[in-house]
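Step one of this worksheet: look at the structure below.
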Amino acid sequence: MQDVLVMKRELRKRMRSLLRQVSPTELGPRSRDACQKLINSALFQSATTVAAFYHMPSNEVETTELLRVCFDRGKQVFLPRIEVESAAGMIMLEAYSVQDVEGWPPNPMGIREPPTLFHEVPRREVFSMIERHGQPLDLVVVPGLAFDAFGHRLGRGKGYYDTFLSKCDMLHRQYNLPSPRRVGLALSCQMVSQGACYRT
């Protein structure tokens, strides 16, 4: 187990170094290409409800184009809010438009995240959507530092998405709903060989 933790730490260090080498002028076009591949996929086109993410201010694939298309096509969009005092650590709250998202203040990491209220009304949250309305989450667009072709992912080490995805799967089984499909959104330099993500 200790060896795995060391290898994960080294891979995170290597991937952060690679991402720092992507210049801001490169990042925009490469991000749009990555988003377009997802937008063109059957997974995206068939999804009605999408949990996505708003990108970090640097060194991460930019999601602006993906979010714009989601709203333009009338998809129900949820974005993460970090709540360190809660057991979940991260909740997914509904976003209503590009203008809504652009008005959010960035958190300490520089990431725009949804406030809990929209015009003094609580935003819909993914888990309550599943539990109260029996509506499934169709697609989860997952960030990360590294991915392999077999669906393994290396995150940034906080475990927020591991916890979220685990509860998502549990609720979908509990309410006999189809499990959400997951897709990693990243640049080509973030793809690694099988086993390199050291899934435990």
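Every residue gets a Cβ built from N, Cα and C, even glycine.
Here is what TrEMBL records for this protein:
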- Lys8, Arg9, Glu10, Leu11, Arg12, Arg153, Leu154, Gly155, Arg156, Gly157, Lys158, Gly159, Tyr160, Tyr161: ATP binding site (BINDING)
- Glu60: substrate binding site (BINDING)
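For the binding-site residues shown (Glu10, Glu60), fewest C-beta neighbours within 10 angstroms: Glu10. Take Lys8, Arg9, Glu10, Leu11, Arg12, Arg153, Leu154, Gly155, Arg156, Gly157, Lys158, Gly159, Tyr160, Tyr161, the residues named in the record as contacts for ATP: the widest Cα to Cα gap among them comes to 20 Å. A count of other CB atoms within 10 A of each Cβ picks out Lys8 as the most crowded of the binding-site residues Lys8, Arg12, Arg156. Rounded to a whole number, the C-alpha distance linking Tyr160 (ATP binding site) with Glu60 (substrate binding site) is 17 angstrom. For Tyr160 (ATP binding site), the number of other Cβ atoms no farther than 10 Å from its own Cβ, over all displayed protein chains, is 19. Lys158 (ATP binding site) sits 16 Å from Glu60 (substrate binding site), taking the CA atoms of both as reference points. Ranking the binding-site residues Leu154, Lys158 by how many Cβ atoms sit within 10 Å of each one's Cβ puts Leu154 at the top.
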